[in-house]
Amino acid sequence: MMRACPADFARLAGYLGFSCDDDSWVKLRNPLALTHWSMPVVELLMLIGAGLALAYALRRVRRDPTGIAIWLASVAYALVTELPRHPPDLFAGTRLGVMLVHNVFSVDFVDGRLPLYIVALYPATITLAYDIVRATGVFERRGALIGAICVGFVHGCVYGIFDHLGPQLRWWVWNTANPLNHPTLGCVPVSSWVSLAVVGPAAIAFLVHVLIGRRVEAGTPPARLSLAWRIPVISVLAPVIMGLLSLPTLLSARHSAMQYAVLGVEVAVFTFVAIPILVQDWRITRRVGTQHPSQYVRVFGVLYLLTFTVLWLAALPDFAGAIDGVTGAGTPTGNLPCAAVCFVIAGYCVAGVSSLRPTTAPAPQQQVLH
């Protein structure tokens, strides 16, 4: 039976060029017949990223299961956080309402509400951010909390490159009538970016390091039976922590001055903690070598940045011609300075980690075991 379709969802779906009459749980479409030529490109990019992240995680799962924990927890996080923001029937009566509507892509789930590439996005980009921070040695030197803050910051930058481009190319559309989607940078809701792209990934990184990473550092990685409960616990707790830490933003949604203050404090904490620590620890690791070299960062990190360089360059002419934040094609634009800063930081992170050499000596904890 076809599920209900609220007025907001129907209106936004019509803007994107599709309707609410799709009642299939899985829908396949011709990638060459999508709304915009960039859509199959970003789909393929995210699927490659998720596939590579899974392949690298499985390759080292016995000696280091943090990768598979990040991957599985990220997929669970994608489902738990994305579905409440736009499926019409299950969550339309909640306080969230309809926050955004995704366009239809080559593979969609839940009546076309959830594209496969969005599910793939999270393991691809959260793995990238986690590997960047881990390779610099932040977790070993600073602990789980500081390492998690750094992961949240790096992921926010990686995600920001994507987030400020998607609406212009009709990958999705934000519901500007929803008060939770204000304030914005360009057309991008700041609260969504902070909660979904910064706080949530930080929660995943914190839990993974506490429940699995510390055991790996000590040279006693959890056995399979132990992982069977640790990974589900991480998958359940990460969205809960994200929700709890996002409560100040939700509660201040109708008070703009208070919401600006809350969001400003959150962004400042992540920024001013992460930047100096990442720089300092990268300099140390550059001298002594990294205990966690990441081929994934070298491969997918570069591919991600190159792909979005092409996509952004293709979008810039329409962006430059936009009037009051709306292009000639009627699509809203993101914030170019913010996207540029995110791009520079992500580029430095990928280049910096890619330049690190592996340490020639095993970790001190591991030396005792040999």
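Even glycines carry a Cβ here, placed using N, Cα and C.
Pulled from TrEMBL, these are the features on record:
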- 37-58: transmembrane segment (TRANSMEM)
- 65-81: transmembrane segment (TRANSMEM)
- 114-133: transmembrane segment (TRANSMEM)
- 145-162: transmembrane segment (TRANSMEM)
- 190-212: transmembrane segment (TRANSMEM)
- 233-251: transmembrane segment (TRANSMEM)
- 257-275: transmembrane segment (TRANSMEM)
- 296-314: transmembrane segment (TRANSMEM)
- 334-356: transmembrane segment (TRANSMEM)
Return the stretch with the most CB pairs under 8 A relative to the transmembrane segment (65-81), choosing among 37-58, 145-162, 190-212, 257-275.
190-212
Would you call the transmembrane segment (257-275) and the transmembrane segment (296-314) in contact, using three or more Cβ pairs under 8 Å, pairs 6 or more apart in sequence?
no
Should anything in the same chain at least six residues away from the transmembrane segment (190-212) have a Cβ under 8 Å from its Cβ atoms, list it; otherwise answer none.
65-66, 69-70, 73-74, 77, 81, 99, 125-126, 129-130, 133, 139, 144-145, 147-149, 151-153, 155-156, 159-160, 163, 180-184, 221-222, 227, 230, 233-234, 237-239, 241-242, 245-246, 249-250, 253, 259, 263, 266-267, 270
At a C-beta cut-off of under 8 Å, are there same-chain residues at least 6 beyond the transmembrane segment (233-251) that contact it? List them, or none.
69, 72-73, 76-77, 80-81, 95, 180, 191, 194-196, 199-200, 203-204, 206-208, 211-212, 259, 262-263, 266
